[in-house]
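First comes the structure, then the notes that go with it.
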Amino acid sequence: MRECISIHVGQAGVQIGNACWELYCLEHGIQPDGQMPSDKTVGGGDDSFNTFFSETGAGKHVPRAVFVDLEPTVVDEVRTGTYRQLFHPEQLITGKEDAANNYARGHYTIGKEIVDLVLDRIRKLADQCTGLQGFLIFHSFGGGTGSGFTSLLMERLSVDYGKKSKLEFAIYPAPQVSTAVVEPYNSILTTHTTLEHSDCAFMVDNEAIYDICRRNLDIERPTYTNLNRLIGQIVSSITASLRFDGALNVDLTEFQTNLVPYPRIHFPLVTYAPVISAEKAYHEQLSVAEITNACFEPANQMVKCDPRHGKYMACCMLYRGDVVPKDVNAAIATIKTKRTIQFVDWCPTGFKVGINYQPPTVVPGGDLAKVQRAVCMLSNTTAIAEAWARLDHKFDLMYAKRAFVHWYVGEGMEEGEFSEAREDLAALEKDYEEVGMDSGDGEGEGAEEY
């Protein structure tokens, strides 16, 4: 079996976790108490969904997941929510005081008190797996727990499970709106610390998702539940090939192989289509060509940046539902003839396709329409460097005045860590720039670094 363990860290991670597991349960017909009427085999069968759920002798399906937060309120909602019987109480881990939006508290002071307990619980889950494939880690960049504790946990996971893949789903701070003033600090510190421990990181920015909810779903004031359900659909599309049998299945490690040309350049851009409300879907049936085209519209991306300014290095199209390879090939051929989509000259073919016959499921009473087919595109493009540049600029503005730095130093960090992290990200921006150059331009100067 190729099991995956999901780790949800901090408020953002836990709330996205709720949305994801709610959706997985609906997709597999698992009830909130963990029973699955359609599953006739008792105990751990060899069904595809066993990658994400373990089965008890009593026929209960338990998610292979851990929820961690340094303060209890958010996880308490899981403990009392609809799906409270789904999880083993030991899978929900909380501390007493939160990280107060402070990376240093999440990584050093408060985080280190709880990290051994968390690793212990993860070890228990890992021991139930016959062939653990890797970890999916959900967190935000901006919060103290999401940034600090995640980076601590990733370092420890690398020690304990060296070669296992670690994929991140990270909530990147939105360009305009912000939930904390110190987001740029936390983001840059966590990116620097986890850069060498993460194999692939899918970034999602709240503002981009707000805009999609407003524009495509006509939700005037999107709530976090609206956002998370949309993120849940995306995560579900990415993991569908692990949980269902399909025509072209894609493995966790396969994502990395096809999307990550150099170890540091592992931040694919995620685009999902169609995001459409029930009223609209009633009147239009979207063809494979239409949803494929929609993926190349910057408006449907999960991070605000413009791929038309960058170059694509690799592209992975994950279709689900009523899709046949013939239509996909035609749609991709059309895309390739359009000159707006530029690939780097050292990666000529760049499209990987996965097809899964399980149509997208939607949460009843949710905002998304039930559609026959959907596609999730993961693309590694140099345009995502815009997102880093934006963040680095905000960091510089604050750091030039050493604003808020004393909160971090007071928790045992050194100022040197800030400049070290900032230099690392400057190098990352440079890496992206070099990758986007034509092979003729920079004659092998970058070659020594890798």
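Glycine is no exception: its Cβ is also placed from the backbone N, Cα and C atoms.
Cross-referencing ASN206, ASN258, ASN293 with the GTP binding residues that Swiss-Prot gives (GLN11, GLU71, SER140, GLY144, THR145, THR179, ASN228) picks out ASN206.
If you compare LYS40, LYS60 in Swiss-Prot, the N6-acetyllysine annotation sits on LYS40. When Cβ atoms from all protein chains are considered, those within 10 Å of GLU71 (GTP binding site) total 19, not counting its own.
Note: the CA-CA distance between THR145 (GTP binding site) and GLU254 (active site) rounds to 30 Å. Neighbour counts were taken as the number of other C-beta atoms within 10 angstroms of each residue's C-beta; across the binding-site residues GLN11, THR179, ASN206, the minimum falls on THR179. Comparing GLY144 (GTP binding site) with GLU254 (active site), their Cα atoms are 32 Å apart once rounded. For ASN228 (GTP binding site), the count of additional Cβ atoms within 10 Å of its Cβ stands at 22 [all protein chains shown].
Counting other Cβ atoms within 10 Å of each Cβ, the lowest count among the binding-site residues SER140, THR145 belongs to SER140.
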